[in-house]
Amino acid sequence: MKTSLFKSLYFQVLTAIAIGILLGHFYPEIGEQMKPLGDGFVKLIKMIIAPVIFCTVVTGIAGMESMKAVGRTGAVALLYFEIVSTIALIIGLIIVNVVQPGAGMNVDPATLDAKAVAVYADQAKDQGIVAFIMDVIPASVIGAFASGNILQVLLFAVLFGFALHRLGSKGQLIFNVIESFSQVIFGIINMIMRLAPIGAFGAMAFTIGKYGVGTLVQLGQLIICFYITCILFVVLVLGSIAKATGFSIFKFIRYIREELLIVLGTSSSESALPRMLDKMEKLGCRKSVVGLVIPTGYSFNLDGTSIYLTIAAVFIAQATNSQMDIVHQITLLIVLLLSSKGAAGVTGSGFIVLAATLSAVGHLPVAGLALILGIDRFMSEARALTNLVGNGVATIVVAKWVKELDHKKLDDVLNNRAPDGKTHELSS
């Protein structure tokens with residue numbers, strides 16, 4: 001029993017995170033030097049994301065009997081994303097108004113260091129809706145894979161899958177090659193995941209070593225407000241959706257606990273993307289659904305990021321005593337409904353989208369970003385964790401809506417009654 005516990009990735013990552021926190025706290029200079037370990041692990045994962053998405057989407061679409069099903073799945077997924085992310089924005093808005101973490105700070109925007117956030121504000125100017133849509137279309141296929149742009153790779157994979165499906169039996173050889181290549185890719189993922197404890201240790205040691213516990217205490221009310229909101233969203237909103245779909249959110253969280261710990265250690269939900277693709281398929285969701293919903297969700301279904309954006313924007317307004325009546329808050333909500341959809345595939349994405357939102361709203365000081373620059377890293381964990389759980393739930397819900405969910409397999413796996421690989425007939 002003890003041997004199996006020590007060998008489990010869950011235990012190893014959890015232990016690595018704890019050691020990283022202790023090292024960063026007691027030996028901050030050494031902790032900061034551990035940054036390459038975390039960065040290296042995330043880069044290894046990002047290296048494999050593009051081929052994983054390509055193989056999963058192509059084999060999923062090309063293996064379907066009807067192309068109409070793909071379009072239906074995409075439409076249902078986008079509808080679900082819009083509804084749930086809007087709920088996330090509204091919940092964030094309600095909680096931050098009730099708690100008011102920025103009230104009483106009385107910060108003069110003129111005293112803030114605008115230079116500290118200038119790089120984010122400059123990048124935000126390029127994050128318009130048209131620019132976002134145009135960015136989905138790659139200048140070249142090789143460029144899309146080289147840059148690791150998820151949506152660009154997804155677009156090419158969907159087109160490739162459609163074209164391969166139209167070839168029929170003539171394309172069977174290509175289909176078999178891609179399917180075999182997919183197995184090799186997942187073999188590489190299994191090797192990379194053995195390094196997860198090292199990556200989690202390095203990332204956590206760096207974070208605590210560089211920013212320290214004092215940063216947490218300084219703006220602790222905002223951090224606590226954000227974490228509580230994320231927990232409430234997962235338990236109440238996603239929990240209710242899960243219950244209506246026929247599964248327990250807590251059992252699902254237990255099922256993806258290793259992925260959650262990896263995300264906690266690296267603060268990047270992308271670090272768990274390859275394993276989530278595999279795990280959601282083993283949970284009973286059709287490969288074509290998983291291949292469309294998970295990658296698309298990384299741009300259109302970022303529930304944690306949506307909560308962060310509303311709370312951070314209103315916090316800045318409260319801290320700087322900027323006017324924020326009901327009209328301004330509705331305006332903020334409308335702007336965020338659009339700007340939050342561009343939060344993926346951009347370095348410092350949440351922060352950049354927040355800068356773009358403050359600029360678009362107009363009456364909120366962009367320099368106010370300096371208030372949360374130091375603690376943004378500590379809130380990124382909750383963002384990434386909530387995003388991951390949200391995309392997992394979305395995959396199951398969409399699979400059920402389009403009747404591509406194996407209910408028996410879902411129930412068996414979540415209740416530990418069957419091996420992950422066992423198959424059952426689909427039910428509607």
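Any Cβ shown, glycine's included, is placed from N, Cα and C.
Nonlocal intrachain contacts for the transmembrane segment (8-28), taken as residues 6+ away from its ends with a CB within less than 8 angstroms of a stretch CB, comprise 34, 193, 196-198, 200-210, 212-213, 257-258, 261-262, 264-265. Taken from Swiss-Prot, the feature transmembrane segment covers 8-28 (among others), and the record attributes it to sequence analysis.
The transmembrane segment annotation in Swiss-Prot covers 44-64 (among others).
Marked as transmembrane segment by Swiss-Prot on the basis of sequence analysis: 76-96 (among others).
The feature transmembrane segment is assigned by Swiss-Prot to 142-162 (among others). Beyond the ends of the transmembrane segment (142-162), by six or more residues, the same chain brings 46-47, 49-51, 53-54, 56-62, 67, 70, 135-136, 291-292, 295-296, 298-299, 344-345 to within a C-beta distance below 8 angstroms of the stretch.
Annotated transmembrane segment per Swiss-Prot: 184-204 (among others), in sequence order.
As annotated by Swiss-Prot, transmembrane segment applies to 222-242 (among others), with the evidence given as sequence analysis.
What Swiss-Prot lists as transmembrane segment is 297-317 (among others), and the listing cites sequence analysis.
Annotation comment: Swiss-Prot describes 326-346 (among others) as transmembrane segment.
The transmembrane segment annotation in Swiss-Prot covers 352-372 (among others).
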Message: Using a threshold of three or more Cβ pairs below 8 Å, and leaving out pairs closer than 6 in sequence, do the transmembrane segment (184-204) and the transmembrane segment (222-242) count as in contact?
response: no
- prompt: Under a Cβ pair cut-off of under 8 Å, which of the recorded stretches 44-64, 297-317, 352-372 contacts the transmembrane segment (184-204) most often?
  reply: 44-64
Message: Within the same chain, where does the transmembrane segment (297-317) have neighbours whose Cβ lies under 8 angstroms from its own Cβ atoms, ignoring anything closer than 6 residues to its ends? I mean 6 or more beyond.
response: 77-78, 80-82, 84-85, 88-93, 95-97, 101-102, 150-151, 222, 225-226, 229-230, 233, 238, 269-270, 273, 323-324, 328-329, 332-333, 336, 339-345, 349-350, 353-354, 357-358, 361, 364-365, 368-369, 371-372, 379, 382-387, 390-391, 394-395
